[in-house]
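Have a look at the structure below, then the notes.
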Amino acid sequence: MATAEKKQPSVIVILGPTASGKSALALAVAKKIGGEIISADSRQIYREFDIGAAKPSESALGEIRHHFVNEKNIGEPFTAGDFATEAAERIITLHRRGKRAVVAGGSTLYLEGLIEGFADLPPANPEIRARLLGELEEEGNEKLYAKLFERDPDQAATLDPTKSQRLIRSLEIIEITGLSVTELQARAKKRQHGDLCFVTTGLAMERATLYQRINHRTDNMIDAGLYDEAKGLYHKYHKLIASGKVSSLQSVGYQEFFQYLDGMISFDDAVRLIKQHTRNYAKRQLTFFHNRLSVNWTDAPLNSKELDSLAERLSKGP
């Protein structure tokens, strides 16, 4: 007699803006359920991004298995699509071993790809892309960003206006398909990963508190040696940095110190900009999560008692 296929256990997802306490909560939950952590962070996957990527401590990594941490070399391609596919495979493998997964991170496209799946987007069109790049060179990011904001404000709100790669791609998709990225993603609404059930919790806090935490964490990173880490990367990967082709080397916390090392800004300005750019990034993360994902928001724990209480609640969820 055939037995019914066993239902997959739910996957706990913990998301939120940077500095909201996701990693600590994920570790606490994983300990309670005997699970493993799937890191949804596009920088933590790379070796050598340590302090600037706010990687878990060596003790945390030794205590609970963290997937997608220290698995790639800088410059090695790894897309959101790669993450979505590989993360789903690892979660299913964990389930077969009788273990559960805790997904934690703030990389918006990693999370969307895993939880919702991606819309089928068209391949690049060389002619359209060349024309848009020409417009970018002549008119600058600001005008192209305004053009995107008029056509797809939800997508525009999730982008850094100073970065051109996703801006150009978003406009290219509109010209090729006649539809915006937001419209295509809304049409997709499909699960790509079989019977996986994601229970998504978002960590919320007052904006002033979040910004204070960001500023404090930046100061702690500086004290821990972030500048020396950035300086080492600057000298080792100078050609890659200058090429602008490796997006991870353009990320917050590193690019500002690279500008200082290039003699473009002062050290104090670099620190100030890291804080400012991190706050801007947190705002874009929140916009994305509210616009593109279905999230159960809860107050972020601000002390050890609140952390343990929330971890206990999540561990006993569906």
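Including glycine, each Cβ sits where the backbone N, Cα and C put it.
The structure displayed is predicted, hence computed values, not measured ones.
Marked as ATP binding site by Swiss-Prot: Gly16, Pro17, Thr18, Ala19, Ser20, Gly21, Lys22, Ser23. The substrate binding site feature in Swiss-Prot is assigned to Thr18, Ala19, Ser20, Gly21, Lys22, Ser23; the stated evidence is sequence analysis. Here Swiss-Prot flags 41-44, 165-169 as region 'Interaction with substrate tRNA'. Positions annotated as site 'Interaction with substrate tRNA' by Swiss-Prot, on the basis of sequence analysis: Ser107, Arg129.
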Inter-residue Cα distance where the pair is Ser107 (site 'Interaction with substrate tRNA') and Ser20 (ATP binding site), in Å: 13
Structural state of Thr18 (ATP binding site), classified by DSSP into three states: coil
Predicted model, mean pLDDT over the region 'Interaction with substrate tRNA' (41-44): 98
Gly21 (ATP binding site) CB neighbourhood, other CB atoms within 10 A: 19
Arg129 (site 'Interaction with substrate tRNA') to Thr18 (ATP binding site) - Cα separation in whole Å: 32
Rounded distance in angstrom between the Cα atoms of Ala19 (ATP binding site) and Ser107 (site 'Interaction with substrate tRNA'): 13
Separation of alpha carbons, Ser107 (site 'Interaction with substrate tRNA') and Pro17 (ATP binding site) (Å): 9
For Pro17 (ATP binding site), the number of other Cβ atoms found within 10 Å of its own Cβ: 28
Ser20 (ATP binding site): tally of other CB atoms within 10 A of its CB: 25
